[in-house]
C-alpha cells in the first residue's frame, strides 16, 4: 500500500497583530492601533452562497490591491518627507489586508478580477498624482478612498449578517477589523489637513466616483 504523505496544517494569520492564542510574542502595535486580530482557524464553511462570497472576496482583494498601489505611489513621491512615516504605517496595514485576502482567495477558491493589471497602474498613478499636489493632496486622496472602502465594507457586513452571521463569522471578523483600519486611515487623513487641499470637495468627489466604478467592475469581472 502506498504511503500517505502527511498534510501540513497551515494556520492563516490576519497578520500584523498576532492572535494571543497562537503563542507568545505578539507583534508591537502602532500608535493608536486597535485590538489584536483573531487568527484564521478553519477552511471555508460548507453550504455557502458561492456567488455572493465570490463577489465579496474578489472585490475586496482588488480593493486592497489598489490601496497598496496608491500608497506605493504616494511613498514614491513623499517617502522622504515628514509625512512619509505616516503613509508607510498605513501602507503596512494595507499589506496585511492584501495578504489576508490572498489567503481567502485560495481558501474559498475565488478567481481574482481580470482588471488587476489596470488597477496596478491606475492605483500607482492616483497615489503619485495626489502626492504631487503635496502632503495635503495625498491625505485628501486617502480620506476619499478610505471612506469609500469603509462604506463598502459596511454594505458587505450587512449582506453577510442577512445571509447567516454564524456561518460567515470568521469572514465577518476579518471585514469588520479591516473596516476599522480603513476608518483609522480616514481619520489620520483628516488630522493631517486633507480638507485644506485646494478644491478638496471636487477632488474627493472625483476619486470616490472612480472608487464606485472600480467596485462595480471588480465585483463582476
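Cβ coordinates come from backbone N, Cα and C, glycine included.
Cβ neighbour count for residue 182 (Fe cation 1 binding site): 26 (other Cβ atoms within 10 Å of its Cβ, all protein chains included). Annotation comment: TrEMBL describes 64, 94, 97, 182 as Fe cation 1 binding site.
If you draw a 10 Å sphere around the CB of residue 185 (Fe cation 2 binding site), it holds 25 other CB atoms from the protein chains shown. Annotation source TrEMBL lists Fe cation 2 binding site at 94, 146, 182, 185.
Per TrEMBL, region 'Disordered' is recorded for 25-45.
With respect to their backbone Cα atoms, residue 182 (Fe cation 1 binding site) and residue 146 (Fe cation 2 binding site) stand 5 Å from each other. Distance from the CA of residue 146 (Fe cation 2 binding site) to the CA of residue 94 (Fe cation 1 binding site) is 11 Å. Of all Cβ atoms in the protein chains displayed, 23 besides its own lie within 10 Å of the Cβ of residue 64 (Fe cation 1 binding site).
Just so you know, the Cβ of residue 146 (Fe cation 2 binding site) picks up 25 other Cβ atoms within 10 Å once every protein chain is counted. Listed in sequence order, the residues 63, 67, 68, 93, 96, 98, 149, 178, 181 complete the 8 Å Cβ shell around the Fe cation 1 site centroid, once 64, 94, 97, 182 themselves are left out. A simple way to gauge crowding: the CB of residue 97 (Fe cation 1 binding site) has 25 other CB atoms within 10 angstroms, across all the protein chains here.
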